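Have a look at the structure below, then the notes.
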Amino acid sequence: MADTKYIFVTGGVSSSLGKGIIAASLAKLLQARGFKATIQKLDPYINVDPGTLNPYEHGECYVTEDGAETDLDLGHYERFLNVNTSQANNVTTGRIYQSVIEKERRGEFLGKTVQVVPHITNEIKERIQILGKNGDYDIVITEIGGTVGDIESLPYIEAVRQLKWELGDDNALVIHLTLVPYLSAAGELKTKPTQHSVKTLMESGIKADILVCRTEHELSDDIRRKLAIFCNVRQEAVIQSIDARTIYDVPNMMLKEGLDKVTLKKLALPDDSTPNLDRWNQFLQRHKNPKAEVHIGLIGKYVELQDSYKSILESFIHAGAENEVSVNVEYIHSEFINDSTIHNKISHLDGVLVAPGFGERGIEGKIDAVRYARENDLPFLGICLGMQMAVIEFSRNVLQLKGANSTEMDADTKHPVIDLMEAQKEVTHKGGTMRLGAWDCELSKDSIIHAVYGVDKIKERHRHRYEYNNKYKEQLENAGMLSTGINPETGLVEIIELKDHPWFVGVQYHPEYKSTVASPHPLFVSFVKAAHEHSVKQKNAKMAQK
């Protein structure tokens, strides 16, 4: 293809309708037809990135291969497409304004008065087209965060209006995702909110090319015709998005509705192939028809909001399908774990995952959970802070290093088995300054982790400031906590495992960021397999007792 095509996805009526899933589903269908597609998210908040946002505010912060701290929607994009994203795939208002102000300070605007139009909108247009100009993609899908009519989104909507005009009708289209609510008292679907949302979009100079209508009930032909007439779109471009059992059903739903066909027609692209979703559907078949189930406890500090651990939860879905088991995740708040509660909260589980996080709140509960898993041969996976808690627990209770801790929690600890990385000691700013992105790790042969990956060297994504303190490495290894993954450049210990335990692994990196439908992460696959084996063993033991 000579020119990259652009698709813009806007939202109306309500937030949380699933623009990211619709964008990812359309991209999947286009990819399955042989097109090279990528997805970009424009976020209208003033933070430069979500790296400093509380998970309760914004869900998880997703880290890309190049070290960008981004919106969790980029996780959906990668999981659907099995293609890496980068900093260019996530733009915030804060980053836009930061760039424009820096240009003004350098004198690049030659004394002009810097304004939202044209300077901010030009910067937005430039960021939108970065991915399309490198020749890697046939189609770039850009999701506009927020809801049409929000004051924060106005510069983005104006930039899209200008760009659509500049590119021409055959090179750009707008998909508007909206809500068609069902009023149970009246027993009918109501189209008026969608009509008003489309009108608001048109007041900004944009005519939607395709309507995707989120609904709890089927849209009748009469409803579709009504929406087509009053929203000024073709009836074939009124697409139904009914509530699904799983987000992974949505690509097939959009295929059935013909979203990809309408898109190709409007972009003057050839519609001469059928999307090949065989591999996707094999995953769905295994996911929906498990042969067994396991119960895994997720020990965390932000469990009230499941989006805080979105990539972990999706990784369990991928690993469960690979093992043909259903993974039932039980959310356990680490603040509520202590000596009197731990047996009731954990004893029935088939595995324990101690989740990432920051700060001292709930730390002792995580350490107690690690100890229970270690002493009871329960499959254990510690991620980032979870690995650090495993080192602290082992140091306290096996090495008998009283008060062993991380300097993040106790700056004056006598035994800093986890310490601030040397490169972080002069850092004062919080945003974008951690050890981020993909780093090499060499694996020890004859280890659990080497068997998991089946290779000698891996590259995984990181997001942390604190590290395993190598001063305690010899003591820990002599007592049975092995260092089986080492960064070749720094000597940083990135993986630990226990010598005399069925399956006990801690990793400093975030494996959940690299699990996709097409490539479930081997660490999660192995962990779920170990949990299933533990479940079978426990059931057999109970049967023997009878």
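Each residue's number is its place along the chain shown, starting with 1.
Positions of Cβ are set from backbone N, Cα and C atoms, glycine also.
Going by what Swiss-Prot states, the ATP site holds Ser16, Leu17, Gly18, Lys19, Gly20, Ile21, and the candidate of Asp73, Asp136, Asp138 recorded there is Asp73.
Per Swiss-Prot, the candidate among Ser15, Ser395, Ser406, Ser444 that belongs to the CTP site alongside Asp150, Ile151, Glu152, Lys190, Thr191, Lys192, Pro193, Thr194, Gln195, Lys226 is Ser15. In the shown protein chains, 12 other C-beta atoms lie within 10 A of the C-beta of Ser15 (UTP binding site). Binding-site extent for UTP: residues Ser15, Lys190, Thr191, Lys192, Pro193, Thr194, Gln195, Lys226, maximum pairwise Cα distance 23 Å (rounded to the nearest whole number). When the recorded positions Lys190, Lys192, Lys226, Arg465, His510 are scored by other C-beta atoms within 10 Å, His510 scores highest. Listed in sequence order, Ile299, Leu353, Val354, Ala355, Pro356, Lys366, Val370, Gly506 are the same-chain residues at least 6 apart in sequence whose CB falls under 8 Å from the CB of Gly386 (L-glutamine binding site).
Met387 (L-glutamine binding site) sits 11 Å from His510 (active site), taking the CA atoms of both as reference points.
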